[in-house]
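Notes for the one structure printed next.
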Amino acid sequence: MTKAYENRMLLQALVLAAVLCTTHAEGTAKAPLKHSVATGFCSFSKAAKQAANKLAQTLDAVKATLNQNRKAHLQNLLVAVKRPTEQIAALILGQYANTQAASGLSDLGKWAPDETKTIGQALYTSGRLDGFIDVLDGHRSENSGQNKNCIANDGDGTTKAFDFDALCGPTEVAKAGNEPGDLKSSDRNGFWWHRRAAASGGNNHCVIFDDLNTAYSTKTAATDFLAGLIKVHQTTGLTAATAIAAQKSTNKILKDIDANWPKVQQAYTTAAGRSPTTEQEYKDLLKDESSRQKLRAAAQTVNNWKPADKPANMDDYLKQVFKIDANVNSAYVTAMKEISMDVPTKDGETQKKELFEMSEEDLEAALAVEIRRLSSENAKLTTEVKQLRRNQGKQATEDTCNKMKGETACNNKPFCTYNATETDENKKCKFNETKASKSGVSVAQAQTGGTQTTTDKCKDKKKDDCKSPDCKWEGETCKDSSFILNKQFALSVVSAAFAALLF
């Protein structure tokens, strides 16, 4: 081996060592940032913008679900009030809507402080990254052949196109899309090469990464960008930063994202369904056993069956309640279509609308009208029933006094008075309400003082004697007057309607 050959081999080794040192070591002032590092930063930034848009999309969907379920509940509440015969069906559908609404609130509740703050932190980090990259991208010569850049080709520092909007996402976040990647993976993959951030090749012209100690007379400490993701030595430019494996849990702009991102991904998932609000949607829900199965839990809640009382065939029960015929037409849906009301609009004006035309605000206004109407009817019917019962009690007490024979026997009763001028011997002894009141005897007490109840009084009467207002002949027997019974039934209907409003 000649001396010249040995010298040549030594020179090659020194050149190789110099190349390796240039490739693997930082330490050249003005060296540009690697294109791959800038691209990795941008991939995270774009995903963060998409994550924010996904949050907006998710919350909008949850809001729409809550509104639709609320509308469905109001629709069926109005049916329960307006059509008492359809009340159970209406309450089942109303309960179904309530269940879906509760699920929607649960979806909303997933966005607790950790989740929402993580999205906020991701957007903040995106802004920091965008600002840093945008400044570097702007620091380049307009003559690409000069290879004067702050973002350059990794291997040789030459000019390489950098499409900021395509890589980092548009400046207007809303236009970035809404299918975020995994930010937990992005912070590992996007920042993987940040530690060795400087491009090699000797095209060192980025004034941002200049010898700061010389440029500013005195700069004794390194400068951190992005809370330490990028580190610039005070004299030798871009230098090695702490590895992302450590920074992801310590770097202030990343650590909360890495820790909480799994919670965010879970919060993106929604479970709530939407209750029907249109005629066709109700028909679709009731059309077959598979779809009607969704109503079984609501039917159980409304009826509160004990295990022994639960219908053997739940679908048969539902078909009966919703009055579904052989052609899968539901009389309940038909009843909904037939409901129309004068809905308050503004300044004392009203507008007639059908149920399926009503908005949520219309339904609320219609229910307010019904509540006032029911309250008025309830008060009126309660008064009428009390008065009817009082009148019947007086009549029964009058009959009790009429049956008393002789002045002494009559006057001895604390609620009777003998009238000697009465020509009818059967009516000389009469009920005296004033005497009864002074004696502390109520009509009810007087009525039980030897007379029959209204029911007993009618029960034994012959057909010719069975007359209103107290009695009515039905079939072969004399029964209580249907008038008061009808009033009592009407009162029970109103009470049931009120109960439906509270369900």
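Cβ coordinates come from backbone N, Cα and C, glycine included.
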Cross-link partner of C168 (disulfide, per Swiss-Prot) out of C21, C42, C401: C42
Disulphide pairing with C206 per Swiss-Prot - partner from C21, C150: C150
Same-chain residues at least 6 apart in sequence whose Cβ lies under 8 Å from N432 (N-linked glycosylation site): C401, F415, C416, T417
Cβ contacts of C150 (disulfide bond) (under 8 Å, same chain, 6 or more positions away): P32, L33, V135, L136, D137, H139, R140, C206, I208, F209
Rounded inter-Cα distance in Å - N419 (N-linked glycosylation site), C168 (disulfide bond): 107
